């Protein structure tokens, strides 16, 4: 049987829609793309296991070789939604133009599996003494469901893991986490001509905002990591809405905010800080302040800076490792083994119209993956 080419696999990935979204009208399953990956890797001699994590949401684990340890190459099979009116190309068709591949998922990050496939296809597997694993997860773009499930249930522990998010082939050894909450203040509406008739939710929210800004200053003073370009946690007041008319006492006001904690800050500890910051306001206005998460929190992540794995991958890439501010599945896979983020394409193209991956990444990425397989599986 003739095996599909790198380009065949790349086209197949991009043409198979696998959008995940918190908006049910956009959210899709990823079964079709997982089935394609299953067929392709099985044809290369991998043992393939597909797990339905939730209805319509699947993880794939492909294994080549037996034994303990080995290398895990991981990525997510889903993409974000797209705005058709802002794309110059069909998002679900791989378009080649100006030495670039255009399409949804070319960089972030379904396309990475085509690189793994091609490197594995070219590899001479004689002498392999440790397994190679390929993990394709679901719902990274929303809840990190696939990575959370895999790290909690997998029966094995590889020696090392590489997640193929777009890093321009620069190894990433750490990133901040992400916590996003809603603060909902419930007041009591009434006619503005008599303030005593109601409780103004905007005025209570003013006190909430002051408390959160004080917390922001505390976080900056209390936590510092010089390995990050922005060395402290950030707290951003991102969205606020309250009231419906100038002549009504505001009955409800909502604030959306996020915090990006440094690695090492526990999510429980951060939650205690956030709730502690609002304790006095809540005591003053009992039953009127509610804190609700917008999504499950993601912890910060950092691979031990002097770990041999970092030095080994830096040597393969010829590039020093770095830290970044965006989030990946690394905090969850790091629970299993030392983990780095390394993949083709630029993060600047992620979640953007006309997402693309430059042809310049093709050969270097296949080369780095081939060398990593050889180094950690032989």
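Glycine is treated like the rest: Cβ placed from N, Cα and C.
The annotation in Swiss-Prot ties 141, 351 to Zn(2+) 2, and of the candidates under consideration, 98, 108, 159, the one tied to the same site is 108. Between the candidates 165, 203, 207, 254, Swiss-Prot assigns the Zn(2+) 1 site shared with 76, 108 to 165. The Zn(2+) 1 site is defined by 76, 108, 165, and by the 8 Å test on Cβ atoms against their centroid, the other residues of the chain that qualify are 75, 109, 112, 140, 141, 163, 164, 166, 328, 343, 350. Apart from 108, 141, 351, the residues listed for Zn(2+) 2, the same chain places the Cβ atoms of 79, 80, 109, 350 within 8 Å of the centroid of those Cβ atoms. Each residue contributes its Cα atom, and for residue 351 (Zn(2+) 2 binding site) and residue 76 (Zn(2+) 1 binding site) these two points are 14 Å apart. The number of other CB atoms found within 10 A of the CB of residue 108 (Zn(2+) 1 binding site), across every protein chain shown, is 28.
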